[in-house]
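Feature annotations, reproduced from TrEMBL:
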DOMAIN    A:22-163  domain 'Aspartate/ornithine carbamoyltransferase carbamoyl-P binding'
BINDING   A:73, A:74, A:123, A:151, A:154, A:288, A:289  carbamoyl phosphate binding site
BINDING   A:101, A:193, A:247  L-aspartate binding site
DOMAIN    A:180-326  domain 'Aspartate/ornithine carbamoyltransferase Asp/Orn-binding'
């Protein structure tokens, strides 16, 4: 059973709309496939705003959240998404057990596969780890963050939150694109999978993406990804319509990258004064967890009508519901997808 | 052991001066005549049928003793890196390693420069030399302390041992598993600038000059590093350089699917650096091409890229990869065997690596054109971690003799 949605007419019929077995990264997606997932998520945004937030579309399916790295919000978001769709959701906190790497990763994949999971959501601290597992299991795999590589559902939920905010401001385009929108991503770009996925996703949707960080936190040759590179925050903010702040990923740093959090705030903290340098009404985003008073001031983070931070969390559940629902269509033998 | 005399006829001899038709005769494990030879009564006679008759390859810098793979690749001797478990930092281990391949494969251990290869306390180099070590190596690591490196070079110079250095500045390289660039950035792999190599080379050349030491960089893989080596040679310093086929066959593009078989140390470089390596081979800056043979099974390689062990199984593909340089006109056949046999034998100080009267009868019979496809699932090596999987190559060893005795294969 599927709900008929008006946007369906815009995409190829059946599985051609999203011909992927899993969701490993934004890099594998075409623009229309990104738009498809965003459009699919709208029904779940609506459902999640109702008192009875339940669908039984995935009833009987087992979804395993295998998190090899600590996570609170992403894990919770995937868990809620699975449960609202009626699936049986099991969380595996591999980060807390003593087996974290080695052949155990493959062993874990084979174990999960043998348990006949219908979808596996994986977070792992090493770039490429999710793909390694995906190659060895029969069910769809969703990347919930692999090292410094990609975090595709974060980029999708950011795009959805942005779309809703633009819609409320009367600036949304009917085709779902954000052509010419100037987005500045500021923070630890080097160690950020969120930055990489967002660069790819926002560019696919037509945005102009700027990245801003001190040189040590900027990845080499990042210009080859088609972004504008800034080291001075004020210049990066000039004309920016969206400011996306990232935290310092201290746990991934090998050596000292900045002198102190205080000094970092001095150069890159998003204060109300700094925000005033951006375009009028510029929107503020942050994937969380925030370090209030370091990369973002509380007054900015809580700025009603401008800060999308709680909306991002809300959209996260809807996007993950969409991804789980779409990726299990084949197993559920949905017409046109089986 | 009495060895039956061997006469090979009808081949194309690969000699330092060029390739010319002929054969050779070996008695008691040594080459006794080269050129127009006639078999004598009782000789084992082999008709080469036009195949190349070349010196057995001398592989300078391998991480494992893997006889089936070496014999497949026409390799009769190898300089074994000290990066063993435990490291070759003790005379007894060196002595054992030196005996471990005989009779049909000779291992020449390189002594660990420091205890446990930790880069701090110097190991017992003289005792290891006298136990059979044919050089000193820092292993797959850089000695960070410049004072310690200088003392090592001075001591090794006194003992007349070549110091084999790993050229990666440890501070810049950190925990990097890739070279800074578009690919590493897109994949989100910890990466370091290629300049980490030139920095290390510049320091070690300066120190080797001070110490009057012989210095060999096992792998020089960047344009800047090669320029420094070229300059040092022009100044008359005793500096030599090697490389493995990975760095002239592949660039960092080969890592784009997180393929851990392409996880190497030093990491694969940009296409521009790959071209610079080819130029360095062509102009003589690079003296040695080695396999870096390091067979690694699934427990070391079936891991996320950054967690996987570095290294490739390279013994079987060494010769075909170098022959691509010959086919591409970068070098001639005789120079190919300089890089694969004569120069590494010279570095080791062993009477091998070329077909001349009096040298040990380490001889390979080679069909340089024979096509085959590299298949990681069917390798002679202890593990199939080749970055050249599924690639068609040309050149195959037809027969191999070590000390005049046919090597089992």
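Here the Cβ of each residue, glycine as well, is placed from N, Cα and C on the backbone.
Curation does not apply to TrEMBL; its annotations are automatic.
Using a cut-off of under 8 A between C-beta atoms, the binding-site residues A:73, A:154, A:193, A:247, A:288 that neighbour chain B are A:193. Around residue A:154 (carbamoyl phosphate binding site), the same-chain residues at least 6 positions away in sequence with a Cβ under 8 Å from its Cβ are A:74, A:145, A:193, A:194, A:197, A:198, A:287, A:316. Counting residue by residue with DSSP, the domain 'Aspartate/ornithine carbamoyltransferase Asp/Orn-binding' (A:180-326) contains 61 helix, 24 strand, 62 coil.
Here residue A:289 (carbamoyl phosphate binding site) comes close to A:72, A:73, A:247: these same-chain residues lie at least six apart in sequence, with C-beta atoms under 8 angstroms from its C-beta. Summarising the carbamoyl phosphate site geometry, the residues cited as binding it (A:73, A:74, A:123, A:151, A:154, A:288, A:289) extend over a maximum Cα to Cα distance of 16 Å. Taking the Cβ of residue A:151 (carbamoyl phosphate binding site) as centre and 10 Å as the limit, one finds 28 other Cβ atoms among all the protein chains shown. It is A:73, among the binding-site residues A:73, A:123, whose Cβ has the fewest other Cβ atoms within 10 Å in the structure shown. Cβ neighbour count for residue A:74 (carbamoyl phosphate binding site) (all protein chains, 10 Å cutoff from its Cβ): 22.
Of the listed binding-site residues, namely A:193, A:247, the sparsest CB environment within 10 A is found at A:247. Taking the Cβ of residue A:288 (carbamoyl phosphate binding site) as reference, residues of its chain lying under 8 Å away and at least six apart in sequence are, in sequence order, A:73, A:309, A:312, A:313. Other than A:73, A:74, A:123, A:151, A:154, A:288, A:289, the residues of this chain whose Cβ falls within 8 Å of the Cβ centroid of the carbamoyl phosphate site are, in sequence order, A:71, A:77, A:144, A:145, A:194, A:287.
In the three-state DSSP reading, residue A:123 (carbamoyl phosphate binding site) counts as strand.
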